[in-house]
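Taken from TrEMBL as is:
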TRANSMEM  B:42-60  transmembrane segment
TRANSMEM  B:95-119  transmembrane segment
TRANSMEM  B:159-180  transmembrane segment
TRANSMEM  B:200-220  transmembrane segment
TRANSMEM  B:241-266  transmembrane segment
TRANSMEM  B:286-310  transmembrane segment
TRANSMEM  B:322-341  transmembrane segment
TRANSMEM  B:347-368  transmembrane segment
Amino acid sequence: MRISLHLSENQNEVQKQIENCADILFRPLLIGEKEKTEAFLIYIEVAVSNLMLEDSVIGKLLNRLLSMDTKEIYGTLENNSLGISDTKELFTLEEAMAAMFAGNAVLFVDGYDRAIKIGSKGYPGSGVQKTDSEKGLRGSKEAFSESVKMNTALIRKRIRNAKMKAEEKQVGRYSATTTALLYLDGVVYLPICEEMRKRLDAFEVDGIEDGGMIEYLTRKKKEGRFPVYQTTERPDRAAQAILEGRVVLLTDNSPEALIFPATLNSLFQTADDYYRNERIVTFLRLIRYVAAFLALALPGLYVAAATFHPQLLPGNLIRSMAEARSGVPFPTAAEVLLMELSFELLREAGLRMPGPAGNTIGIVGGLIVGQAAVSANLVSPITVTVAALTALGSFSIPNEELSEVFRLWKYGILLLGSCFGILGVMLGCFLLLMLMAEQESYGIPWLYPYVGGNLNERADEKDSMFLAAARKRKRRPIFAKWGNRIRFRRKS
Amino acid sequence: MFGRNGKISKRQIRRILILEQAAKIGLLLPLPAQIPEGGFSIWSWILTAALTFLYLKIMLDFSKKLPEYPATDRKKGMENKAAENRKDGTGQAEIAILTVVYGIYGLADVFFLLCLFAEVAQCFLLPEQKIWMLILPAAAVCSFAADHRLEVRAKFLEVLCPILTFPVMLLLLVLAVLTIRGGQFGTLGEMMRPSAPGSIWIAGIAMLSVFAGLGSDVFLQRETEEQQSRSVFEKTTGSMLIGSLLLLFLLQAVFGAGGIRALPFSVITAMSNSKIKGIFLQRWDVLFAVFFLGMVCGALVSGFTVLGTCSERLLPGKKKKWKWWLMAAAASAAACVSPSYEKSVQLYELVSLGFLGITMLMALLKIIRKIYCK
């Protein structure tokens, strides 16, 4: 609906729409010389405070408008001759309402068939945070906040070049959540962006409360088995991804960015891998892969070895295991399952409890309950060790979504191991590997560069399980546009 | 965007070939030593190598002339100059015969591999488990893996190959270093000794059956990104043959001819001899058996694929899936009720030699007809 020249018509329509919205303020004004010209301002009370109106650019604008002739007002607004940085003319009422809901003030003036969006501080947010879930020894400690604008700025701070594009789009029928698609023009493989645009257009939903919702709504049918997006709370990691030719999706109200395409390899990388010595990073990455294997298969292997293949283990160990298990009423498989489920319970309890209490739950659960269970002969000490090692392995995986996948598969492999011994563990791993081979993330094989590594002249293998020295990693990964993959060259 | 062009890389072909052949070489190749008239000799190995290369060359040439793919699943619209090849004279009758032959071979191959899997698993890992309990999970997992497009299978086998073959090679190396004493190399002389031509032929042809699967693999050649994949086949087959010779030398040095005759799956049994001080694991043969079974599974994936593709063409009806699963179920059921592992080996050797003979005969007829037409 176009904005009318008559203020009363606009006023009626706006008031109809904001009826019973106590948080939205409607402020009638009289501006111009002798206060002849009627106007009104609408804004969200908290997003544009009254104080701001009186002591800010908006306030000063209004003060200036008070002393102008009516015709002069129209010219000033049209040409933005006061030089206010964030103003925009809006032609329809829908645009005006959307601008107001985005946290701006919107000014309507009688006899002027446009509304003026005046940028303001916006909704309250938590501000720039410190990294919490992706801690690193080196590198920036900044983490994303919950405002898409601020998050975009945090990335822009690291890539100060107009080639980095940030396309905004509103998603959600009622929430109209702002999302921003960030990429490096000329480096990104554009069909990946196009695919994301298509996926965002392919659904309609009431609201988007977090990037996680977009992650699950834009997944294809067979993409649900493993994470096809890499989530990060670190702006430096997001900037690294953009420089690699990947795409970052930011969502308003979400302190995490979605990076895509994502591969198994990229999910094992951390931001500070690139700030440290490549030898130690290689060692740490090998540890992470071993940890992932432990998180996946250790309980299954333990049950298989203890139940079906004790001959695999040294005699002394078998004896001590038998002694430790004497008096335990459950079979080994049930004992391990019990321990693993108890651990899940502890993890969930720790997560839901408020901060300090959550830590206490971990200590109480780990030490006291574990010790009590061993003393009561409910579980053997070696089972506690296996469960603890499995949990440590699970925590060592840098990506939480991937860790969750392995956590679920662990139970399947445990079941197979308790039915078919080590053979069952092998078949379970086979099945998992097959599903991994089937998976793709925006057209990139999920197991890349462990499959098809030759597609990018083996450059990606230099940043996989082993990290080559920075000067040897001359090419961008496969995500980048073909023909623009050189990222490092020595100056002659 | 990427990886959906219906083609696979040379590296993937190489790894598929290694996985398919390695398990059979390790587990089946010592069998000719158990034939009373057979026994190992370097001469029978040379005969096998020569026949394998001849077979490979004929199949590589012959596969180019075929308008359709008997054993692969290239996507629609990517057929390889079908009309052009028909003009060349390859008829539908030949295709039909070849598909039947491939189908029968696929059935025998899957049947044998499942029996082999169960036998090794029962022998080294789960002696008390019922045969069908061992066969069914393997059949389910491998047929599920095979029921994917070529590129997915290729990616799967590409990753699986180093995970399985590297530890196997490492363990074999450890075995060779720790087990064989200098004096044992004297027994290698037995392999060099000239034997009767009859026994050379019997052992040579028996060993040839191990490489029969190459015939179905050559059709993968057309799915590569580069057309020069012929050399990949030749080099990989050459490496596998050399690997098989080294393995035979190793077994001869560890057990001698008598030991190989007496022991089931001597490659795995050999690992039970190796003891590495200070290493946690005590029984390397269990671990080694698991790796070999992994390779058998890799071969099973390819076997199920051949079987499925042929069944789609041979059985009537439009729905492809049920035919695929029907044949897979039939092969698995046959393996479950198989009277003995020895019978399955005999059947496999018979069918694979028949398969070798028929495909080579067809290729020769084709070549003769071409010469006659000129």
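Even glycines carry a Cβ here, placed using N, Cα and C.
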Request  = Select the range from B:95-119, B:200-220, B:241-266, B:286-310, B:322-341 that forms the most Cβ-Cβ pairs under 8 Å with the transmembrane segment (B:42-60).
outcome  = B:200-220
Best-contacting stretch, by C-beta pairs under 8 Å, relative to the transmembrane segment (B:95-119) and drawn from B:159-180, B:200-220, B:241-266 = B:200-220
Note = Given B:200-220, B:241-266, B:286-310, B:322-341, the one sharing the most C-beta pairs under 8 Å with the transmembrane segment (B:159-180) is B:286-310
Key: Candidates B:241-266, B:286-310, B:322-341; stretch with most C-beta pairs under 8 Å toward the transmembrane segment (B:200-220)   = B:286-310
Query = Are there three or more C-beta pairs under 8 angstroms joining the transmembrane segment (B:322-341) and the transmembrane segment (B:286-310), sequence spacing 6 or more?
reply = yes
